[in-house]
Amino acid sequence: MSEMTLQYAPTEESVATSYLDEGHTVLSWLLTTDHKRIAILYALSITAFFFIGGVAIGLVRLELISPTGWFMTSDEYNRAFTIHGIIMVWFFLVPSIPATMGNFVLPMMIGAPDVAFPRLNLLSWYLYLIGASFTVYVLLSGGVDTGWTFYPPFSSTYSHSSVVPAAIGVFVVGFSSIATGVNFMATVHLLRAPGMTWFRLPLFAWSMYVVSMVMVLATPVLAMSLLLICAERLFGLPIFDASVGGDPVLFQHLFWFYSHPAVYIMILPAMGVVSEVFACFARRRVFGYAFMVYALLTIGVVGFMVWGHHMFVAGQSPLANLIFSFLSFIVAVPSAIKVFNWTATLYRGQIGFEAPMLYALGFLGLFTIGGLTGLFLASVPIDIAATDSYFVVAHFHTIMVGGTVSAFMAGIHYWWPKVTGRRYHEFAAQLAAIAMFLGFNLTFIPQFIMGWLGMPRRYHFYPDVFQIWHVLSSGGAAMLAVAYLMPLGYLGWSLFNGDRAGDNPWGATGLEWQTPSPPPKRNFLRPPQVTSAPYQYHDIGRAREEVEQAPVEGRGDAR
Amino acid sequence: MNGSSGDHETLWRGPLLAWSALLALAAISLGSAYLPLGAGNVAVNLVIAVVMAAVLAIFLMDLRNGTTLVRIVASTGLFWMIFMFVLTFSDYLSRG
């Protein structure tokens, strides 16, 4: 353990410079092993890919305004929605919260000066970049048309697009996920501050721990299944080709063994973020903390056993359909526990409607809708009717975008003062949060409706009767685009012109708030000592805002 | 680790031997595919796969020297593989 000796910043204020001032050259960033700087590198990278993926789906939504298509061929349409899916899933959603907020906040939350393996952390970002380079190559070479799921035999035999480079890009970025997962697990196990027992961990730290397990256990299976696709496509190995004894459904088993837990890789961190935000902005202890922890663990484990609900119409046996349907209903239970506990946390709280809270409330509503519509799809007869319809598209976007992106934005706004030391323009942020919620619903409620009426996904020619829903949905997408672009403006402005935030502008109790903003390189000026459970907001209440800068008692002793 | 050349040799020898063993087992697996063993081919390849997994876990992952916690974490991989196989076979073994 000698390699993991805790080293904190010196106690002299004069040398406790911010991590942002630890070097201003490009090399000082590219070679950094500081978890906070790596988080910034990740944030910049995934933001770039978020907007590339956004442009792709913007084109798709424009195309769908007309029922006969108007500027894309069918092949171009296939490539546009495929690149949107690949980029958004693997280059934005999967790394979004863990690689940015997890990297920045997790070590501080548990009282550590860095992650357990700082160089592995930097390597994970470079792996992300290498995988991303393959994806950029795919874009420049005309794209890939298999859908983000790479189903054979189309991907292995028939497609003439850049399947192998796309698969290699995803394969490589998977190792970035694994590296982050290993690092976070070791960090939580080994680098907790004195007094930070397991049941004093903030729920965001728990969510990072659970999601790390899922990333480490699931991602290798994705890597294996994509390699098999490449082997079949490049060398003709008969693995999934039914004409020579292979089984295409086997790919779906392997792919969804990763890709359903991948939904939890996206949503578990989001659950962690909103748990922090609800407690802080309702000035309440999280209701049922222990149950929240057990629910995270249960989702992490049971989430691995439900993948077959993606295959109810793929030729899977009726017995397997029954088993996977039952297990899919089971996994809704811990999710429901969390929704009820968040609601109970808000009950009789001193609620403030600052932007992080608005985003978190948006998460709560959208995650509930996404979860309940998931129950529809867990039911075999309903799923058979709704498979490959816009109902499915709306369902998973409600979880992955309505849920995860709302929480991502909540976290960005919540920790922005800590990351930058600056305040953002609160009213502009509140407007963006409201615009995102309205834009999201305008985009996807029409998709739920037209999907239920029978509109299939992945077609750009469709009956006229669906046009009104597509036009509404495209209008919502435009509103969403504005809501996503607004933070670039006011957050960018705040970097240079925002008011100084102070160390703890929200009066939050987490250890990460008991250190300067922006934090010093080793996070704390001296080793923190944890003396109580998290979320002791009852004692502080909202009145604390009026006695500005009163010390936050009981949660740590870092300064 | 004090960085002496002897230590470095010790550090590399085990993984190199394990890697060599894995390559040899891969070659045997490939070669066995050309033997007309019928259903025996599957059995031979499954045995080779189990030996390869054991070499990986014991020598490359160094679980023989791992702490209890590390062994527990590693063993979760085995449990998860069981989940995968059991539920996948709930499909394959019950198809009409």
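Glycine is no exception: its Cβ is also placed from the backbone N, Cα and C atoms.
Taken verbatim from TrEMBL:
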- A:23-531: domain 'Cytochrome oxidase subunit I profile' (DOMAIN)
- A:39-60: transmembrane segment (TRANSMEM)
- A:80-105: transmembrane segment (TRANSMEM)
- A:125-144: transmembrane segment (TRANSMEM)
- A:164-191: transmembrane segment (TRANSMEM)
- A:203-235: transmembrane segment (TRANSMEM)
- A:255-274: transmembrane segment (TRANSMEM)
- A:286-307: transmembrane segment (TRANSMEM)
- A:319-337: transmembrane segment (TRANSMEM)
- A:358-378: transmembrane segment (TRANSMEM)
- A:390-415: transmembrane segment (TRANSMEM)
- A:427-449: transmembrane segment (TRANSMEM)
- A:469-491: transmembrane segment (TRANSMEM)
- A:507-559: region 'Disordered' (REGION)
Practice task
Count the Cβ pairs between the transmembrane segment (A:255-274) and the transmembrane segment (A:39-60) that lie under 8 angstroms and are 6 or more residues apart in sequence, then report whether there are at least 3.
Solution key: no
Practice task
Using a Cβ-Cβ cut-off of under 8 Å, list the residues of the same chain that are 6+ residues beyond the ends of the transmembrane segment (A:358-378) and lie near it.
Solution key: 267, 270, 273-274, 277-278, 281, 306, 309, 325, 328-329, 332, 335-336, 339, 342-343, 386, 391-392, 394-396, 398-399, 402-403, 406-407, 409-410, 413, 430, 433-434, 436-437, 440, 448
Fill in the blank from the handout: The mean pLDDT across the domain 'Cytochrome oxidase subunit I profile' (A:23-531) is 96
